[in-house]
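Straight from Swiss-Prot, the features:
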type	residues	note
BINDING	Asp15, Glu16, Asp107	divalent metal cation binding site
DOMAIN	9-198	domain 'RNase H type-2'
Amino acid sequence: MLNFYNTKITVAGADEAGRGCLAGPVTAAAVILPIEFKNAVLNDSKTLNLKNRNFLKSLIEDEAITYGVAHVFMKEIDEINILNASILAMHRALQVLKFDPDHIIVDGNRFKPYQKIPHECIIKGDGKYMSIAAASILAKTYRDEFMEKIHEEFPDYNWKKNKGYPTKEHRAAIKKYGVTKYHRKSFKLLPDQLKIDF
């Protein structure tokens with residue numbers, strides 16, 4: 001894990017979570033870490049267990065120079081598509097920062113310019129740069145918390161466990177109970193995604 005993209009300028013890392021889900025928002029975070037920040041556990045959120053993610057969430061919130069988290073909800077996802085919604089969520093997370101960075105590094109290969117600030121897309125960046133890894137952790141933990149909250153309203157879909165991803169269990173629940181207000185209507189839920197092969 002590289003500490004910093006460039007120590008001579010202020011760099012924000014950005015990442016999103018929930019892009020491949022059938023339900024819930026897409027959530028993004030942007031993080032600017034201090035140059036002296038170090039943590040051996042920090043890595044891509046997908047590789048960490050729940051305990052480590054929650055520990056790092058608190059650590060990042062305490063030690064980041066500034067961070068922002070933003071959701072784009074189902075209606076907007078359906079209107080502008082999931083790729084644009086993911087980029088919009090990252091833009092909104094950047095807007096929440098206390099100040100603009102000199103440069104933005106983004107996990108993945110697609111991004112639209114934000115306020116004329118130079119940016120670079122880095123494939124698997126959440127496993128390469130600490131600020132992107134930190135953003136991936138905040139995006140995932142904030143989104144997971146939201147999904148656990150709405151699980152109480154619709155427990156049949158078990159969002160507490162699947163977080164809205166298209167698991168067999170989730171697809172079976174959609175087939176049995178239909179879609180909710182939290183489902184993304186732009187995803188083709190019928191018939192292919194409802195085929196369940198046990």
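Quick reminder: no glycine exception, Cβ is built from N, Cα and C everywhere.
What you are looking at is a predicted structure, and each value in this text was computed from that prediction instead of being measured.
Taking the features listed in Swiss-Prot, we show where each one sits on the structure.
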residue : record                             : Cβ within 10 Å
Asp15   : divalent metal cation binding site : 31
Glu16   : divalent metal cation binding site : 27
Asp107  : divalent metal cation binding site : 26
Average the pLDDT scores across the domain 'RNase H type-2' (9-198) and report the rounded value.
92
